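Asker: Dumping what TrEMBL says about this protein:
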{"type": "TRANSMEM", "residues": "42-62", "note": "transmembrane segment"}
{"type": "TRANSMEM", "residues": "69-90", "note": "transmembrane segment"}
{"type": "TRANSMEM", "residues": "138-163", "note": "transmembrane segment"}
{"type": "TRANSMEM", "residues": "175-203", "note": "transmembrane segment"}
{"type": "TRANSMEM", "residues": "223-247", "note": "transmembrane segment"}
{"type": "TRANSMEM", "residues": "275-294", "note": "transmembrane segment"}
{"type": "TRANSMEM", "residues": "314-335", "note": "transmembrane segment"}
{"type": "TRANSMEM", "residues": "347-367", "note": "transmembrane segment"}
{"type": "DOMAIN", "residues": "385-440", "note": "domain 'Kazal-like'"}
Amino acid sequence: QFFVFCHGLLQLSQLLLSGYLKSSISTIEKRYGLSSQMSGLLSSFNEVGNTLLIVFVSYFGSRVHRPRFIGSGAILVSLAGFLMALPHFMTGPYEYDQSVASTFSNATDLCQPGDLGSWANLSDATCTPHATRKNVEVLLVMFISQALVGIGGVPIQPFGISYIDDFASERNSPLYLGILFSVTIIGPGVAFMLGSAMLQFYVDIDKLSGDEVQLTHENPRWVGAWWLGFLVAASLVALSAVPYFFFPREMPKEETSPCRGGFPLVLLRNLRHPVYLLVVLAQVNISAMVAGLATFMGKFLERQFSLTASLANMIIGAVNIPGATVGIMVGGAILKRFQMSLRQCSAMCVLGMSLCLLMAFPLLFLGCPTQKVAGVTYSDSSQFGPHELECNLQCNCPEKAYNPICGSNSIEYISPCSAGCRAVNTHEHNNSVLSYTNCSCISQDGLPGSAKPGTCGTGCSHLFLPFVVLSCLSGILASTAHTPSFMLILRSIQPEDKSFAVGIQFMLLRVLAWMPGPVLYGSAIDTTCILWEKRCDRNAACRYYDNTLFRQRYLGLQFFFEVGAF
């Protein structure tokens, strides 16, 4: 029971670290100019290191001191977590408006005829060889860190699950595993709550004073302190690793088994087992769905319902993930209460997924339309592009300017310059922007109109609550199949193959689900982008999506994988 407690704590800490990346992925995209496909690849790259070693490490599970291997892996995960925060200290302050570099003033983004040359020179400063090399170094450090997270996590789950199942009674094993899986799910939940807290601080909190920060949380250019969470999570993993160096090695069942066989024979024996193979393939579909949802659900909520990154993470951490935890605990409790056979476990999995499909289907139709953005999603005969409207041609607006404002006509503009605004009203105490006025592109009673800073939003907040409720219920129902599916694997294979079979299972999940899942979702999301940020003539982060296509392709993939698991 103490080992179950320690292992739950370690997996919570480990998934707090890996889950925190997912909670801050949209912020990292914005900070370093990444596409969703690239951020999806970064999110899944920890599976590369894990996949290369997990089968071989699991095969030798009966010949090594499993708890010490788990502790050593956790130490490596902790070091990788600290490494993940390093890019923040490698780079200078965040320049949220490339058109003006670091020389920000409230008048910079206004319509200023004849100033195109100075804007162009400043924006080109970010494309120097030094700046390009620094961006490459940042990505390299992040990918290496993710690979080390995967390598360090190799022994944690296979050795932990087999160690528990070896020494627990058959009656209590499902309950212990259910508790373990529930605590494991809490890890990403806490990660999203941690992300919600950390992203409320400005990214350069260690470099700038509060008075020097011109942005608010609601501004689309805001970047939170994504790196702080990695320092917290890495510290917790290191502390959780300590007890493992004091657990005994005892594995009498596996060490005395006379029929283990060689590596190829054991591998073939497990892959030819029909129950084992079918259950793993079902788990591949579920894992691919979860990988994509966990990585981009925050971004989806931000774009669909005009939420801040902090609020989106809070919803996921406080509602969706606890719902999945409840489902796993209920599944484990039902197994313990009714002592289900393998056939009954299978029936329970089918029932849970069937009800999940019914709850998830309406989500395809619950969402918001794309906001009206002048020259991007909304145009008339006088508009030629986001920065070139007939009413602002004399302003010579820079192409890279991005400071969204919402006009009094309920149309969004890329920047005050693109709306033809020539004046700004600021707060007398903190110099923050209150409104932009004398905007030639915004008509108000035949006169130039005004605008407020920030986006107009999508304007369908009434659909947010039904979406959250249905997504939470579908997650609960799908999660009830989690523990029964694991028991199908553990009870259908030979006892001496447990560690190895679980290792093969996690390898297949990583190769077929956790590695390609986020990349597939990210690629699908990128196809819905309608305006890209440009950095050195390449596409960087997406500024505006077609919300309807985003919802259909993102949730359509979820529905596809649910049907595949069923």
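Numbering starts at 1 and runs along the chain as it is shown here.
Keep in mind that glycine also has a Cβ here, set from the backbone N, Cα and C atoms.
Where the annotation comes from TrEMBL, it is an automatic prediction and has not been curated.
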Asker: List, by number or range, the same-chain residues at least 6 past the transmembrane segment (223-247) whose CB is under 8 A from its CB atoms?
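Answerer: Hits for the transmembrane segment (223-247): 3, 6, 9-10, 12-14, 16-17, 20-21, 23-24, 27-28, 30-31, 67-68, 70-72, 74-75, 77-82, 84-85, 87-88, 94, 96, 191, 194-195, 198-203, 205, 309-310.
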Asker: Could you tell me how many residues in the domain 'Kazal-like' (385-440) are helical, how many are strand and how many are coil under DSSP?
Answerer: 6 helix, 20 strand, 30 coil
Asker: Is the transmembrane segment (69-90) packed against any residues at least 6 beyond its ends, judged by a Cβ distance under 8 Å, and which are they?
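Answerer: The answer is 7, 10, 13-14, 17, 21, 32, 57, 134, 137-138, 141-142, 144-146, 148-149, 151-156, 159-160, 203, 226-228, 230-231, 233-235, 237-238, 240-245.
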Asker: For the domain 'Kazal-like' (385-440), provide the mean pLDDT of the predicted model.
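Answerer: Per the prediction, mean pLDDT sits at 80 for the domain 'Kazal-like' (385-440).
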